[in-house]
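K.L.:
Below is one structure. I have some questions about it.
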Amino acid sequence: MAGNVKKSSGAGGGSGSGGSGSGGLIGLMKDAFQPHHHHHHHLSPHPPGTVDKKMVEKCWKLMDKVVRLCQNPKLALKNSPPYILDLLPDTYQHLRTILSRYEGKMETLGENEYFRVFMENLMKKTKQTISLFKEGKERMYEENSQPRRNLTKLSLIFSHMLAELKGIFPSGLFQGDTFRITKADAAEFWRKAFGEKTIVPWKSFRQALHEVHPISSGLEAMALKSTIDLTCNDYISVFEFDIFTRLFQPWSSLLRNWNSLAVTHPGYMAFLTYDEVKARLQKFIHKPGSYIFRLSCTRLGQWAIGYVTADGNILQTIPHNKPLFQALIDGFREGFYLFPDGRNQNPDLTGLCEPTPQDHIKVTQEQYELYCEMGSTFQLCKICAENDKDVKIEPCGHLMCTSCLTSWQESEGQGCPFCRCEIKGTEPIVVDPFDPRGSGSLLRQGAEGAPSPNYDDDDDERADDTLFMMKELAGAKVERPPSPFSMAPQASLPPVPPRLDLLPQRVCVPSSASALGTASKAASGSLHKDKPLPVPPTLRDLPPPPPPDRPYSVGAESRPQRRPLPCTPGDCPSRDKLPPVPSSRLGDSWLPRPIPKVPVSAPSSSDPWTGRELTNRHSLPFSLPSQMEPRPDVPRLGSTFSLDTSMSMNSSPLVGPECDHPKIKPSSSANAIYSLAARPLPVPKLPPGEQCEGEEDTEYMTPSSRPLRPLDTSQSSRACDCDQQIDSCTYEAMYNIQSQAPSITESSTFGEGNLAAAHANTGPEESENEDDGYDVPKPPVPAVLARRTLSDISNASSSFGWLSLDGDPTTNVTEGSQVPERPPKPFPRRINSERKAGSCQQGSGPAASAATASPQLSSEIENLMSQGYSYQDIQKALVIAQNNIEMAKNILREFVSISSPAHVAT
């Protein structure tokens, strides 16, 4: 029976697999009267504090037995998540890491409340799995039998347990008492109710939640428990709570959202896997618009929506930066999510769209003065320097504009662009301009980023078949008013790193003018302010396809560094002007941005780029150690993304759901499940996402929550397609040239002519990669570059960095430190480089002709080159200064440092 998993390990009170129902009920009653004491006696025969190495090793033996049973060829397990033959070895490996970290301190580990509960539950679940094989016998080998379904459920539970263990013991060290809940108000609730506890009995949790979000009945409580208790152990951990509050955000209407989306919605599927979603939707293959949704098992805290397209394909996608109800409403309006589980009546979720109170960021006088000195304002997004900040990343609290966040995520950006912390949620914010008269307000003070004490994992996975319970509850459902407990807590804010990279022209902008510009931006940005969560740009006027020589890139491998190739003089806006005030923040998000420079970095094993594929498989930890360090003193990444490309990706139906080639997990005991790299590439004609039917893990690459619209072959989508193709092959061409010639890293003469030629060479790749412009384009020559090893990526990351930073091929990539872990800035920084003037003689189009237009300019250029500046740097400075030679000299002095001592004389 589908509910057996829960009955024996969850709702039944956690009595052993042979425990009686009355024993479990007594245990639950004791919980109710002893809210802060845990009933370990009914979880395991071990008394509290007896988790020792011997018990762990006994558990390992049970896990090994389960693995051997599951390796039976007759079982023919599918190599897709949740894959028990990966999960148990990974769990074993992480437990070994934990034990090694607590070598000699086993008593401390054994007394850890969370670890005790986890080990007891792991022991119980492995025994339960072994019993399943004994009782199921030959039926275990029938793919659609009930015992086999129960095995899939247990696999999901093991998957949740591993994710939770990695979340509470990252790197093997306990951090449950400092775990960051994503949603601020949810974090405040947990802190007030449970302090620094990592795990609490279900009864204690239910009582505390009931005080804030009233639970109407025992039936509702049971259904709620089956949703929150992902590991089915009668406890709620801070990790599980975080997942639940992310899934059913916003907090103010948490249980109302849960009732509407999980209890009464026919499209909700509890504990379903990627393959099971496909199998279920196969019944409605001739009914386009049929859809169901489930919790992603590989990315806890996010939803996965499966749906049938007009041309009979089954796709699955993950919505980003918006609650599920908003994604379902948007998908219904666009014609994708019409028939939940094939039913003709689609629930109306618009009642959930009450405007959520926006977090107001108050600018302090100190910040106001600091930004005025730099010719900027606090509310201006520091990535694009065009739009106002209107979204806060959770849990780290950094601020930016929606356009930049959307572009970053669609371009495979891993984590927060400022600090690389995992993005587990977003909240709309309003930055209130500094008011000298009303500076005493106690609203949240503004800063570049606010590390909030919260962390959110929107993950609610049905711990097992509670279908009957849900149906019963749905029949007696009562609409609940929004909870008054909805105000976000205050949070301390980090210091703002000063922006010393602004040009003199911006520095001298009067603060009043700056404030006026910001006011107009705020007005233009008011489009978002009334939405529950920021949404990506919608289908609007797409930019025309870029010219072939435009060096913006969509290459996935370049994304974690977030450094686009430099603007050519023809398409780069003059940097001595203030960025244009957009008429619409969304509509103008594709405008070219000023391209800055940053220090180049040497290859590093901890380079965030080298870890890209590591983040694709298991949900925790999501970041490498180097990515987790906030490093406020490190210069931010030196450029903006190509937002014109991002806009096209974001708004076009071509940005389909899970549409990336699978990634090979580089290192883990669990290799089999991630060996789908040989899966054939998508046919060019297929919309993106349709090739994603191999496994759920492609969810990680989902660039947009927008589902594919197969019926729409409008001109805008074709324009987007072209935009994506050209940009992706631009990166590929440059990477190929850079990879094939090691000497290029010191003295390449890669100019626009080479770039155009590179485009021509990569033509055949365009159609192959148009469906998913986010994976690394496979170059025709040499083929081995299409799938590089981590060491290849590490070696190439920084060497490609200089290509994408400033287009100066003479930069010596062996100089420089670690990869900057900061987001791009709108203007260039100093860059240390060794330049050979002779290698830069080939001009680049318009700038070259402009620079040589007058004899005076020519002589000045020769003079500057004799001082050690490269020809390309002089070109750029002249473009920025609009051929004002004095201004160009100032720019060169300020932003270009060279090894030649001649530079000192200038």
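Positions of Cβ are set from backbone N, Cα and C atoms, glycine also.
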K.L.:
With Swiss-Prot open, pick whichever of TYR455, TYR774 is annotated phosphotyrosine.
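P.N.:
Record lookup in Swiss-Prot returns phosphotyrosine for TYR774.
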K.L.:
Where Swiss-Prot marks phosphoserine, which residue is it, choosing among SER652, SER900?
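P.N.:
Out of SER652, SER900, Swiss-Prot attaches the phosphoserine annotation to SER900.
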K.L.:
Considering the residues TYR114, TYR674, which is the one that Swiss-Prot annotates as phosphotyrosine?
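P.N.:
Per Swiss-Prot, the residue annotated as phosphotyrosine is TYR674.
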K.L.:
Write down the residue from TYR337, TYR371, TYR869 that Swiss-Prot flags as phosphotyrosine.
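P.N.:
Record annotation (Swiss-Prot, phosphotyrosine): TYR371.
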K.L.:
Tell me which residue from SER439, SER584, SER817, SER833 Swiss-Prot records as phosphoserine.
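P.N.:
Swiss-Prot annotates phosphoserine at SER439; the rest carry no such entry.
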K.L.:
Note down the number of other Cβ atoms within 10 Å of the Cβ of ARG294 (4-O-phospho-L-tyrosine binding site), including every protein chain shown.
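P.N.:
Other Cβ atoms within 10 Å of ARG294 (4-O-phospho-L-tyrosine binding site): 25.
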K.L.:
Please work out the helix, strand and coil residue numbers for the region '4H' (47-175) from the DSSP assignment.
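P.N.:
The counts are 96 helix, 0 strand, 33 coil.
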